[in-house]
Amino acid sequence: MGSSQSVEIPGGGTEGYHVLRVQENSPGHRAGLEPFFDFIVSINGSRLNKDNDTLKDLLKANVEKPVKMLIYSSKTLELREASVTPSNLWGGQGLLGVSIRFCSFDGANENVWHVLEVESNSPAALAGLRPHSDYIIGADTVMNESEDLFSLIETHEAKPLKLYVYNTDTDNCREVIITPNSAWGGEGSLGCGIGYGYLHRIPTRPFEEGKKISLPGQMTGTPITPLKDGFTEVQLSSVSPPSLSPPGTTGVEQSLSGLSISSAPPAVSNVLSTGVPTVPLLPPQVNQSLASMPPMNPATTLPSLMPLSAGLPSLPNLPSLSNFNLPAPHIMPGVGLPELGSPGLPPLPSLPPRNLPGIAPLPMLSDFLPSFPLVPEGSSAASAGEPLSSLPAMGPPSDPVMTTAKADASSLTVDVTSPASKVPTTVEDRVSDCTPAVEKPVSDADASEPS
């Protein structure tokens with residue numbers, strides 16, 4: 001509901017006689033008075049801004065005579081003028097056949113109780129209250145606060161209670177007779193939820209039944225005309241109006257409109273295999289403009305970058321590896337070669353063990369080959385007696401990535417000298433390494449032999 005009127009009331013103020021109920025075929029019904037939303041603010045130019053007998057006196061003085069009535073609607077926030085003829089002959093109670101109370105516009109809109117969930121077989125359901133669409137707007141007694149309704153329900157326990165209810169679906173007010181009963185079998189005395197406050201007020205402009213809604217495909221080119229209250233109707237449509245764009249963007253939009261999106265995967269260009277970053281292909285005119293640009297040198301344009309030489313620095317000449325001999329394995333005990341396995345080379349076949357008489361059996365070739373260091377490709381002729389110091393110093397390889405270690409069983413020589421020539425040498429070495437015998441001095445007494 002609106003919080004205040006949008007038009008100025010003649011005579012000022014925000015008070016009037018609130019119409020609560022309109023009887024059928026009454027003078028007020030013929031004048032078009034609407035329950036709950038209409039406020040009688042003046043009759044024949046007399047402002048009704050006080051709760052006194054002015055309204056009764058004016059009606060009694062004009063029985064069976066038409067009078068001009070100024071009415072303010074809190075639904076449309078507008079003033080309208082209506083003609084009504086007070087009468088005692090219409091067949092009901094009162095000269096107008098309406099129930100009224102004096103209050104302010106804002107107070108009437110705030111004192112509304114929203115009917116929420118309604119339990120089945122409850123007093124509210126038996127009285128015909130409708131969930132979410134019914135609003136309790138008053139009773140026979142004045143209710144100005146939220147607790148007034150609950151106090152009224154407690155005082156009418158097991159007694160009929162008349163309530164004025166407005167329904168948003170039918171856009172009409174009606175009388176509801178309800179009998180509060182706390183023993184109905186559920187929660188509360190009414191068996192329904194009640195909402196009160198700003199979020200539970202009656203909408204100012206409820207939806208009009210039978211109103212046509214234009215669909216997106218039914219839009220017309222008719223101009224939009226503002227309403228009387230200053231608001232403009234906006235059609236909720238997915239079709240967007242043409243946007244105002246500067247003349248310079250017309251060509252870009254036309255060129256973009258020619259682009260097509262295809263679900264098929266695009267062909268891979270040869271540029272991907274050359275290491276060039278993959279960037280979107282530019283139109284031909286852009287490529288021509290880029291080709292005419294002079295090359296840029298980062299060293300001259302960026303002061304923080306150091307200039308790089310055209311190529312990598314030359315490496316020193318490496319000695320020829322063809323003269324290198326691989327020492328025999330038994331001369332280098334404890335030195336290991338890494339595993340020669342490579343994804344591109346077949347594995348080395350295993351050799352049978354060779355046991356020579358007089359010496360310890362040699363391990364399998366597959367056992368000690370992985371313990372040797374990786375040696376670059378060299379000659380397969382290896383001298384068993386060549387010392388390690390005779391090997392020339394090797395420089396770093398020209399390309400560490402391309403260096404491969406190729407070793408074969410033929411590049412290794414095993415000393416197969418007869419054991420007869422080797423055993424004495426070994427015995428002599430062992431004798432020479434033995435600790436010399438301790439010499440015992442001989443005295444004169446010991447030197448003479450006993451007789």
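Each Cβ is built from the backbone N, Cα and C atoms, and glycine gets one as well.
Screening S269, S304, S371, S411 against Swiss-Prot annotations picks out S411 (annotated as phosphoserine). From S151, S292, S443, the position flagged in Swiss-Prot as phosphoserine is S443.
Of all the Cβ atoms in the protein chains shown, 17 others lie within 10 Å of the Cβ of R30 (dimethylated arginine).
With DSSP classes pooled into helix, strand and coil, the tally for the region 'Important for membrane binding' (194-199) is 2 helix, 3 strand, 1 coil. Contacts of R47 (dimethylated arginine) defined by a Cβ separation under 8 A and a same-chain sequence distance of 6+ are given as I9, P10, G11, G12, G13, V41, in order along the sequence.
Same-chain neighbours of the region 'Important for membrane binding' (194-199): 112-116, 136, 146, 149-150, counting only residues six or more beyond its ends whose CB sits under 8 Å from a CB of the stretch.
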